[in-house]
Structures are given as structure tokens and as C-alpha cells.
Amino acid sequence: MSGVREEWCSGWGRWQARLALLLALPVLLTGAYGTNYVFLAAPTPHRCHVPECEENSTIGVASPDQWTPEWSQWAIPDGAQCERRVSIYSACAHRDHFDNTTVACENYVYEHGSSIVAEFDLACADWMQRLVGTVHNVGMLISLPIMGFVSDRYGRRGALVISGFGAGVVGLIKSFVPSYYTYLAAELFETILGASVYPCAFVLMIEWLGVEHRILASLVLGIPLSLGAASLSLLDYATGYWRTWARWAYPPSLLLLIYPWLLPESVRWLVSRGRLDEAIAIIKKAAKCNRINLPSDALEKIMLEKEQMAEKGVADIDEGLFRALLKYSALRRRLCVCFVWWMSAVFVFYGLAVAAHSLAGSRHANYALVAAAELPALLANTLLLDRIGRRPLFTAALLLTASALIGISCLPQSSGNWSIALFLIGKMGATMTLNALYVYTAELFPTRARQRLLAACSTLGRIGAIISPLTPALATYKWWLPTALFGTLPLVSAVLTRLVPDTLHRRLPDSFADLDTSSDVVQDSV
């Protein structure tokens, strides 16, 4: 009976391949939307408008001749973007027409108008630029519980369609907003709707593959996610203007309206809601697609067993989780360690995406390379996690991230290609860390509370995402401070790995009692 159950639900076949292809579109799109503020709200070179030297028509985006006129070398201090010198004779033809007194800019001239910075005149309001990324990540924090409820109540497929389609609609609306604050509001609502596309897709994939195939699901969905992030850079380069980018990037989300007729619902969710007839019908379709013969009476018996187990499991979790946190020190220790891991890993992962703009060379090429660095990381995890173990690989990924990013801080500021190479190695390590963390965290907690505690860790990790867009401000003090911070946090996480056991080839804990401190010691010593 269990063998039959594994064949229709937990293996890889044509049905699961079809599911992966259908999920590739929304996941690719969420990869493009996930950090679009990196380009849409990117810092834009600017200088003061000097009324003694130029007409008011130059306020805003300048032509190449207007951007660097000859008089700018003595009217504007070297490297200054927010102040100018005062003209003595209301003239600007010669250096002697200006004294050394400086005043703040009244108006600004921008080198280009690709981002919202020029359009909404955010020149020296750095905090307003960074606030876009922070608001985006606050939306992610809000999205998880809301869309988690939708997923549990209305189904994985319904949550994915609402999330992806809603993000597309709000994203299109965002391309027409008239002001900075309406842009912020659109950014928030887009993220609240769209940030749960990947979690919904991941859960749906897992529930058709089985929990033991988490690594495979991470690879299958991680590839389109990385390609989506790379396409963000390429599309921004091709369009050159944030409104045009949005009007090209968001319309494909409207295709998700046909997904209720294409994408199969999770059988496990249907059973948990008592919709056994629908679950059996989908299982028969999957079995036919995978060329497996299933007896009807066996299907009905399996469904009834699963329904009873689901009802009993929910009741046990609701009754015992809070009490277990008070009773078992091993549970508290693992949860606290995972909280630190998730905050650190998410902070570094998203922080590196934001920091890619500070690298030498083309910002579009650099961001595409940073996104592409995720692919070898996903492949390495798929090949190694089941061979060398969760804790050894997780620790190695943390140390790789730390050594690469701290290494950047030790190089001269003008290191160029060496800095880019170390940055890409750091991003690869950060991706390996976050990808392995999904698997490792899930296996550290007992079956009866695994999903709830994994969600709690992931939610807390979003605090790291909220803070990460603010880190470039540290570079105003020392250029190497952001990367030094990104490199130090993985070291702390690596030390904490000694407080929890490896889970490779270990029986996963089923109850809270299995997390007794002595069991950790035994597992570590094996």
C-alpha cells in the first residue's frame, strides 16, 4: 500500500515534469519582480543646477552637453552632488567668478532618467531611495501569513494564482503612478500579493514530490528563479526607463488566469479539506500520465487514512507546541539557532543583490552575473547535500561566504576584477547557505510541528531582508563596511552549527520528546 502511495505522489515522472514546467513561469516572473527596486529605484548621478550658468530648462534630465559643461569644474566642488559654489558676480565664465563658499542645491540636474530618482526628484534624499527596498521587504513580511492563510484555506493553486496575478496587476498600475508616495504604496501592495509566489510553488511541488525530495524541488524551482533575476537586469538594460520596464515585465503575469484549468491542485491539501473525490480524480490523471496502474479500492482506503492522519496531526500541533517550547530545552535551542541563521542568511542574500550596484563596471552585467552565480550553488547543493551531510555543507557554505566577502574588504578599493570575482563567490556561498537552510531547518524539527516552525523561521528571516537595503549607507563612512558586515554574520552562524546535530541518514524526529538534549549528543558523537 505504501509503495503505491509513493508512486503516485512522491516520485518523479511525466506528471511532475509537467508540473515543474507550469510552475517555471510564475517563479521566473517572481525572480524578476523580487528585487526590481534595485534598478527601478537605483541611485542616479546628479549635480546641482547652477542658475547663474544655465537655464531652468536644464532642471531634470540633462543632455550630454548639459551634464558636464566646462564651468562645472569650478562651479561644483569635486565629487559633490548636493552642493555648489556661490557666484560672486552672478557670472560663471571663469574660476575667479566663484568663491569657496558652498550652498545646498535648490534644484538638480540628472545624468539620465532611467529610475524613479530623476522622475520624482529624489537626488540627495538617500533615505527615500532606500525606503523603497525597505517597504518592499516589509511587504514580504506581511505577505507570508496572509498568503499562508489563503493557501491553507483556498488551496495552493488558488494562492499562487492570486499572488502572481495580483502582483502583475499592481505592477502595471505602478507604472502609471504620478508621485513618490503612490509609488511606495504600489510597491507595498505588489509585494504583499506577489512575495508568496515562490513559497506557494515550492509547497505545491513538494506535496507532489514528497518531503524527501526537497533538494530536487529546490533545484527545479531555483533555476527559473535565478533566470528571472538575470532577466530583470537584461530587460532594464533593453528598456532604459522604469515605466517601460514595468509595462513589459508585468503583463505575462496575466497568463496565470488560465492556471486553474492547467495546474493540478495538491492532493494532500484536497484530502485535508475532505475533498476526496477530487483528490482521487487527480491521482488517476497523474497515474495515467506516469503510466502507473492503481486499483480504485486502494485509492479510497489511502485517502481515508490520510484524512484521519491530517485531522489528528493538526489537533496535536495546536495542543502541544507552546507547551513543548517551555518543556524541551533542545527545541528552544534549535529554534533560537535557526532564528539567527535565517536572519543572517536572508540579510546577506538580499544585501548582496543591492550591493551589486557598487561593483566596478556595468551595473547590468554585474547584476546578471550575481544572479547567474546562484545556478552553480543550486547544482552543488543538489549533488552534495545527500553525500556529505547537511551540517558540513551548510558550515562550508557559510565559511565560503565569509572568507570571500571579508577578502573584498582587505583589497584596495580599485581592485576591479578581483573584487567582482570574490563578490560572485560570496553570492554563490550565500545561495548555497539559504538553499540548504530550507532542508536543514525542516529536518531539525519534529513532524508534528515541522511546517509551522519552518514558517516561523522564514518569517523572522524577513527582518534581515527589511534591513538589507539600508546597508549601502555604511559605505559613506568606509567603502568596505557593507561587505565586512556581510562577511562577519556568516562566521557567527558557522559557530552556531556546533549547537545542533547533522541530520543526514538520521531518523527525523516525530515527537518533541525525540529532541531531548541527550539525543543531540549521541548524534554528534556518531
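Placed from the backbone N, Cα and C atoms, the Cβ positions cover glycine too.
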**Request:** Select from 5-25, 131-151 the stretch of residues annotated by TrEMBL as transmembrane segment.
**Result:** 131-151
**Message:** With pairs fewer than 6 apart in sequence excluded, do the transmembrane segment (245-263) and the transmembrane segment (479-500) have three or more C-beta pairs that lie under 8 Å?
**Reply:** no
**Request:** Could you name the stretch, out of 131-151, 158-177, 335-359, 365-385, 420-441, with the greatest number of CB pairs under 8 A to the transmembrane segment (183-204)?
**Result:** 131-151
**Asked** Considering only Cβ pairs under 8 Å, which range in 131-151, 216-239, 245-263 makes the most contacts with the transmembrane segment (365-385)?
**Response** 216-239
